[in-house]
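Working notes, beginning with the structure itself.
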Amino acid sequence: MPRPIVAHIHPDAVRHNLEIVRQKASGSRVWAVVKANAYGHGIERIYPALAAADGIALLDLDEAVRVRELGWKKPVLLLEGVFKPEDVKTAETFGLTVAVHCDEQLELIAAAKPGRSIDINLKMNSGMNRLGFTPEGFRGAWERARATQGVGAITLMSHFANADAHDVDWQLDRFDAATEGIPGERSLSNSAAVLWHERAHRDWVRPGIVLYGGSPSGVARHIADVSLRASMTLSSEIIGVQTMRIGDTVGYARTYTADRSMRIGVVACGYADGYPRHAPSGTPVAVDGVMTRTVGRVSMDMLTVDLTPCPSAGIGSKVELWGDQVKIDDVAEPAGTIGYELMCALARRVPVRVSAAHDDTHAGVAEFAV
Ligand SMILES: *Cc1c(COP(=O)(O)O)cnc(C)c1O
C-alpha cells in the first residue's frame with residue numbers, strides 16, 4: 001500500500017468555475033489559462049472541463065502541442081510567444097496564436113516566412129514592467145507587426161500588476177490612450193480583473209486561478225461571495241497519535257509547547273508532498289470533517305494536528321489538508337505564500353485521482369502526477 005496521502009482533481013469544479021467566469025464577463029470570450037500544467041492539476045485531467053472556453057492559454061510549447069493532440073480545435077495562445085526560430089514553425093504547424101512583446105519576436109516571425117499567417121497578441125507593458133512594448137512605442141510596434149509578412153490578426157494585450165488590490169485604472173488609462181484608434185480586439189483581464197473590474201473585461205478575458213477555485217489576492221475571504229469550488233483536494237490520514245502533557249513539545253525545533261494535556265494526531269503529509277514547510281502552528285486542517293489546526297513544525301513526511309476538537313479521531317481518520325472545507329489560501333497565507341504556489345508545487349510523489357462527475361471523493365483512476 002502507498003502512504004494514505006492522495007490529491008483529488010475535480011474537473012466538475014473547473015467546469016463550474018468556468019461558468020462563473022462566463023457569468024461575470026458575459027460580454028467577453030474566455031482564454032482558460034492552463035500554464036504550469038494547469039496550475040499543477042495536469043492539463044489532461046481537467047481538459048474535458050474546458051470545452052466551454054473559447055481558447056486555451058499557456059506558455060510552454062510542449063504543453064501547447066499536448067493541447068492540440070488532445071483534439072482542441074479552438075485557439076491556443078502562447079502567453080510569452082516564441083523564443084527560438086524553430087518555435088515559429090511549431091506555432092505554424094499547430095496553429096498557435098503567439099504573444100509578441102518585443103521586436104526580436106517580430107523578427108523571428110519575419111525570418112521564418114511562415115506559409116500560413118500566425119495570429120498574434122501584441123503586448124503592451126502598461127506598467128507591470130515585465131514583458132511588452134511601451135505605451136509610447138506601441139503604435140509603431142503595431143505598424144511594424146502589421147507590415148510583417150506572416151503576421152495574421154493582431155489582438156492588443158496587456159497585463160495588470162495589481163488588479164487584486166483594486167488598482168487597475170492607471171494601467172487601463174495608459175492602455176486606452178496608447179491604443180486609441182488602433183483596430184483589433186483587446187485582451188487585458190486576469191482572474192482578479194474578471195471578478196472585480198468590469199471596465200477591463202473587453203473582448204477577451206484570461207482567467208487562471210479562479211478556474212481552480214483559488215483567490216486572485218491569495219486571501220480566501222476575498223472570494224467568499226463568489227461560489228467557486230476547489231478543483232484540487234489534498235487529503236491524507238492520521239498514522240499516529242500522541243498524548244502530550246503540559247510542557248511537552250512536538251516536532252523539530254520544539255516550536256509548539258502544550259499548555260494543557262492534549263491529544264495530537266500525526267498526519268502522513270509533509271513538505272516533500274508540497275505542503276508548505278513555513279505553515280506555522282495554527283494553520284487550519286480538517287480531521288474527520290472537523291476543523292482544527294496544525295501544531296509544531298511541518299517535517300518532510302509528516303505534520304501534526306491538534307485533536308482536541310475531534311476526540312474520537314484516531315489512526316485512520318481522514319484529514320483534509322486543502323480542498324472545499326480547508327481553503328487552500330487559508331493554508332498558503334499564514335505560510336507567506338498564495339494558493340497558486342501550493343497548487344503548482346504538489347509533489348510528484350503524491351498519487352493523483354481524477355474524480356468522476358458528481359463524485360468528489362473515491363471514484364476515478366489512480367495515477368501519478370505528470
Ligand atoms: C498567468 C496569467 C494570467 C492568469 O492569471 P490569474 O491571476 O491566474 O488569473 C493571465 N494573463 C497572463 C499574461 C498570465 O501570465
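Keep in mind that glycine also has a Cβ here, set from the backbone N, Cα and C atoms.
Bear in mind that TrEMBL entries carry predicted annotations, made automatically and left uncurated.
The active site, proton acceptor feature in TrEMBL is assigned to LYS35 (among others). Classification of LYS35 (active site, proton acceptor) by DSSP places it within a helix. Counting only same-chain residues at least 6 apart in sequence, those with a Cβ under 8 Å from the Cβ of LYS35 (active site, proton acceptor) are ALA57, LEU58, LEU59, ASP60, GLU63, LEU79, GLY208.
Residues or ranges marked as active site, proton acceptor by TrEMBL: TYR252 (among others). All protein chains considered, the CB of TYR252 (active site, proton acceptor) has 11 other CB atoms within 10 Å.
Sequence annotations record features per position, and here TrEMBL assigns substrate binding site to ARG130, MET300. ARG130 (substrate binding site) falls within neither a helix nor a strand when secondary structure is assigned with DSSP, and so counts as coil. In the structure as shown, the Cβ atom of ARG130 (substrate binding site) sits within 10 Å of 10 other Cβ atoms.
The annotation domain 'Alanine racemase C-terminal' is assigned in TrEMBL to 231-355.
Look at TrEMBL and you will find LYS35 tagged as N6-(pyridoxal phosphate)lysine.
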Provide the number of Cβ atoms within 10 Å of the Cβ of MET300 (substrate binding site), excluding the reference atom itself. 12
